[in-house]
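Colleague: These came from TrEMBL, pasted as-is:
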DOMAIN    32-179  domain 'Casparian strip membrane protein'
TRANSMEM  39-59  transmembrane segment
TRANSMEM  79-105  transmembrane segment
TRANSMEM  117-144  transmembrane segment
TRANSMEM  170-192  transmembrane segment
């Protein structure tokens, strides 16, 4: 019969320092870095959303045709898509202001999952509203710049240059806000995954 003997091999550690995983998103190990960056991004999104709403709300131009009594006017409230854009961007800016306390709670208590889940859900809804308003307004701005020969819609930007510059700037600011929202949603998801 064969007897089996076991042999134990002792392998010492190669270094005396403990091994740690590298953090991709935050410098601090407790998640405060993500929460602080979240707060800063929210402030940037507030600026973008307010700039888009204010620029759209002040976009109007009068074009005298023959004299001062016969004028053409271009204003955001003449086009329902631009009205929707203004209301949506104002709602998004209001939501962002109201979300700042939840972001502060995430800084103070980085391991609390409740505020992050609330922010993730409402950020996703706000992202959808932001993208829909920006895309609809971008379509109308495209028609204002290029027109549509098939439907006999003429480009108005040759006559109403200031109006077109303002609404184009508002659309660009809204797309910048939507990019910030995309970053916020991804960061919230990563922060929840780490917990």
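Keep in mind that glycine also has a Cβ here, set from the backbone N, Cα and C atoms.
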Colleague: How about long-range neighbours of the transmembrane segment (39-59): same chain, 6 or more residues beyond its ends, C-beta under 8 Å?
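Modeller: Sequence-distant neighbours of the transmembrane segment (39-59): 75-76, 82, 85-86, 89-90, 92-93, 96-97, 99-100, 103-104, 106-107, 130, 137, 163, 166-167, 169-171, 173-174, 176-177, 180-181, 183-184, 187.
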Colleague: Go ahead and report the DSSP secondary structure tallies for the domain 'Casparian strip membrane protein' (32-179): helix first, then strand, then coil.
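Modeller: Counting residues by DSSP class gives 111 helix, 12 strand, 25 coil.
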